[in-house]
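First up is the structure itself, then whatever we jot down about it.
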Amino acid sequence: MEPSEKSLRLLLKSWLFLTYVYLFIYILLSSGVILYNKWVLSPKYFNFPLPITLTMIHMGFSGAVAFVLVRVFKIVTPVKMTFEIYATCVVPISAFFASSLWFGNTAYLHISVAFIQMLKALMPVATFLMAVLCGTDKARCDVFSNMLLVSVGVVISSYGEIHFNIVGTVYQVTGIFAEALRLVLTQVLLQKKGLTLNPITSLYYIAPCSFVFLFVPWYLLEQPVMEVSQIQFNFWIFFSNAVCALALNFSIFLVIGRTGAVTIRVAGVLKDWILIALSTVIFPESTITGLNIIGYAIALCGVVMYNYIKVKDVRASQLPVESIPDRISKDWKFEKKSSDIYVPDNIGDNEGSSGGNGSASDMNIDEEAPLISSSRLSHIGRTQLTNHAIGK
């Protein structure tokens with residue numbers, strides 16, 4: 001039975017309302033996880049200066065939840081993972097994922113949240129360079145000029161940073177390039193082999209492996225400190241922190257399913273500005289100078305131009321996207337037949353997957369939830385195109 005025009009209007013209103021709600025939740029969680037991590041790690045506040053330990057808590061919790069969802073409740077079916085694929089694909093991806101989280105969280109000990117967000121403008125630059133070096137993308141003059149503009153903006157912003165710390169800056173930039181290489185490896189190793197992971201199976205396979213990789217630096221660097229120092233451990237603080245990080249992964253998945261690449265990227269830019277403003281209020285020591293703002297604005301112009309080029313390229317390579325009423329009507333009819341939260345389509349609905357023509361540099365990443373980048377979309381967003389990634 002076809003839905004009437006009145007019911008379609010109601011569905012459209014509810015669809016748009018839920019979309020804005022999901023966007024609000026995404027921005028709230030993404031900003032909250034960053035500020036929460038800073039508060040936990042900073043010696044001036046909760047004083048838990050052990051970033052590897054905090055990251056291991058996140059990985060252990062996420063892996064445990066994913067195991068329960070996959071093996072106990074059987075919400076999703078695990079992919080056919082052979083030892084060869086695990087050893088040659090999951091292990092290296094997990095290693096760079098663990099490294100990006102480790103270095104990114106360590107940066108919170110040395111530099112402000114506002115300056116970290118400004119440095120994260122380098123993410124498209126790092127991803128593009130890694131993609132070109134690995135042969136998954138081609139060097140282009142228009143993209144290169146945007147990358148140069150971003151780099152100049154970040155340099156100006158760094159020059160204007162009052163509390164500039166070379167150690168924290170190196171940690172953050174290293175984490176950015178580690179994450180960029182992980183994205184490229186995800187495309188080269190997993191997606192070109194035809195293996196795609198949704199958010200739950202990503203956590204199921206990658207989180208435990210990342211936990212193991214983090215154990216070595218933890219044992220060498222932080223375990224001796226924990227033995228001699230009186231480190232406070234509050235179960236509810238770390239539990240709520242891990243829940244927020246996990247919830248962010250799923251909120252991004254919901255947002256991707258209801259919006260397009262442009263909306264996601266605009267929301268990410270809005271989130272960065274909100275986060276920079278909030279960090280100066282919550283952490284008074286985070287001073288922003290005029291040169292900071294000018295440099296970040298220049299870098300942001302480069303990022304916006306880069307996003308426009310990539311979105312235009314991806315749209316040009318795909319079939320016309322359905323109108324919102326058509327999508328709602330199709331989703332309404334589909335949901336009458338099935339209540340599955342995840343439908344593993346066999347078509348190339350995800351750029352960079354087998355049969356797709358996207359590249360790692362097309363991916364828009366939320367650094368707090370990077371595991372989403374290799375997932376397939378739900379049936380609600382099968383016509384949308386974006387790879388999105390997560391947080392430290």
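Cβ coordinates are placed from backbone N, Cα and C, and glycine is handled just like the others.
Whatever TrEMBL says is automated annotation, not expert-curated.
Summarising the annotation, TrEMBL assigns transmembrane segment to 12-36 (among others).
According to TrEMBL, the feature domain 'Sugar phosphate transporter' maps to 21-307.
Residues or ranges marked as transmembrane segment in TrEMBL: 48-73 (among others).
Among the features that TrEMBL reports, transmembrane segment is placed at 85-103 (among others).
Summarising the annotation, TrEMBL assigns transmembrane segment to 109-131 (among others).
Residues annotated as transmembrane segment in TrEMBL: 143-164 (among others).
According to TrEMBL, the feature transmembrane segment maps to 170-190 (among others).
Marked as transmembrane segment by TrEMBL: 202-221 (among others).
What TrEMBL lists as transmembrane segment is 233-255 (among others).
Same-chain residues lying 6 or more positions outside the transmembrane segment (262-283) and placing a CB less than 8 Å from one of its CB atoms are 23, 26-27, 30-31, 34-35, 38-39, 42, 112-114, 117-118, 120, 255-256, 296, 300, 303-304, 307, 311, 364, 366, 386, 388. Sequence annotations record features per position, and here TrEMBL assigns transmembrane segment to 262-283 (among others).
Among the features that TrEMBL reports, transmembrane segment is placed at 289-309 (among others).
Long-range Cβ contacts of the transmembrane segment (289-309) within its own chain (Cβ-Cβ under 8 Å, at least 6 residues beyond either end) map to 114-115, 118, 121-122, 124, 128, 142-143, 146-162, 261-262, 265, 269, 272, 276, 364. Away from its own ends, the transmembrane segment (85-103) comes close to residues 51-52, 55, 58-59, 171-172, 174-176, 178-179, 181-182, 185-186, 189-190, 193, 195, 205-206, 209-211, 213-214, 217, 370-371, 391-392 of its chain (Cβ-Cβ under 8 Å, at least six residues beyond either end). Long-range contacts of the transmembrane segment (202-221) within the same chain, counting only residues at least 6 positions beyond its ends with a Cβ under 8 Å from a Cβ of the stretch, are 52-53, 55-56, 59-60, 62-63, 65-67, 69-70, 78, 81, 86, 90-91, 93-95, 97-99, 101-102, 246, 249, 371-372, 374-375.
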